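Participant: Take a look at what TrEMBL says about it:
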- 111-234: domain 'Palmitoyltransferase DHHC' (DOMAIN)
- 21-46: transmembrane segment (TRANSMEM)
- 52-76: transmembrane segment (TRANSMEM)
- 156-176: transmembrane segment (TRANSMEM)
- 196-217: transmembrane segment (TRANSMEM)
Amino acid sequence: MDCCRHVNPFRACAGLRGLGYVMVALVVAIAAASYYAVVVCAWGPVLLDGGAAAAGAAAVLAAFHVLLAMIMWCYLMVVFTDPGSVPENWRHDAEYSGDPGSSSEEQGSAPRYCSRCQNGKPPRCHHCSVCNRCVLKMDHHCIWVVNCVGARNYKYFLLFLVYTFAETVLDTLVLLPYFIEFFQDESRRSSSPGDIAILFIAFVLNLAFALSLLCFIGMHASLVTSNTTSIEVHERKKSVSWKYDLGWRRNLEQVFGSKKLFWFVPLYSTEDLHNIPALRGLEFPTRSDAIV
């Protein structure tokens, strides 16, 4: 019993970082297999052969590469962007002013403090046991990107999901004829057994990812439009009206910014970064009529 008391369960969380690198390698392997199946085995030869089918092959390959480029751009932004760190010696405004009735207490919550980081905790901030630090507006720690998803990279994470879903749907559709060919007699197959096997595996992987991503995107679409993080779902259910829910239009702007041309790329305009405090992760507007 004494030895169990000294066990630190949070050390097990650190192992998730190692698992994350395995997941990154898996992502690269799946992307490579899909590229080989779609470009090298299936549609590249159709394009090179010319004829009437070449125009369709060119359109498929162009869409494939555009989506792949967007996926890689968004993925790298999620991985290498700091999700939001709490400034050193950060304190709530109420603590600076000495007024116990202002700032966060007006919103129904007392100033919070992280004993592990030895620092104040801004609203919606949570401590990540994997990264071993507090993250601004933390949504979750994602082993697929070896990083936390928080205030400053949540948009990039969502775009990564959307573009990956679009890519997997495209791959599934263009590989469907080859998946059907797998069940035909060998005499009727147009590709070698090795290529057919790769095409079959790529189709199954892309279909599985498309279906799982559809559910995941649906969940996050609900969270974004209600201005809620994955961690805050339980807290929102306990409240009569969620204090951060400003209406779906303003909720979207809290994540994607107000400049709609920037909604589809992993970038923010300088104006949005200056005018929307929520994008920096330290301050969040709340509803005046919120009931906890």
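Each Cβ is built from the backbone N, Cα and C atoms, and glycine gets one as well.
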Participant: Tally Cβ pairs under 8 Å between the transmembrane segment (156-176) and each listed stretch (21-46, 52-76, 196-217), then give the stretch with the top tally.
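Facilitator: So the stretch in question is 196-217.
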Participant: Take the domain 'Palmitoyltransferase DHHC' (111-234) and count its residues per DSSP category (helix H/G/I, strand E/B, coil), listing them in that order.
Facilitator: 66 helix, 18 strand, 40 coil
Participant: How does the model score the domain 'Palmitoyltransferase DHHC' (111-234) in terms of mean pLDDT?
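Facilitator: When the pLDDT values over the domain 'Palmitoyltransferase DHHC' (111-234) are averaged, the result is 91.
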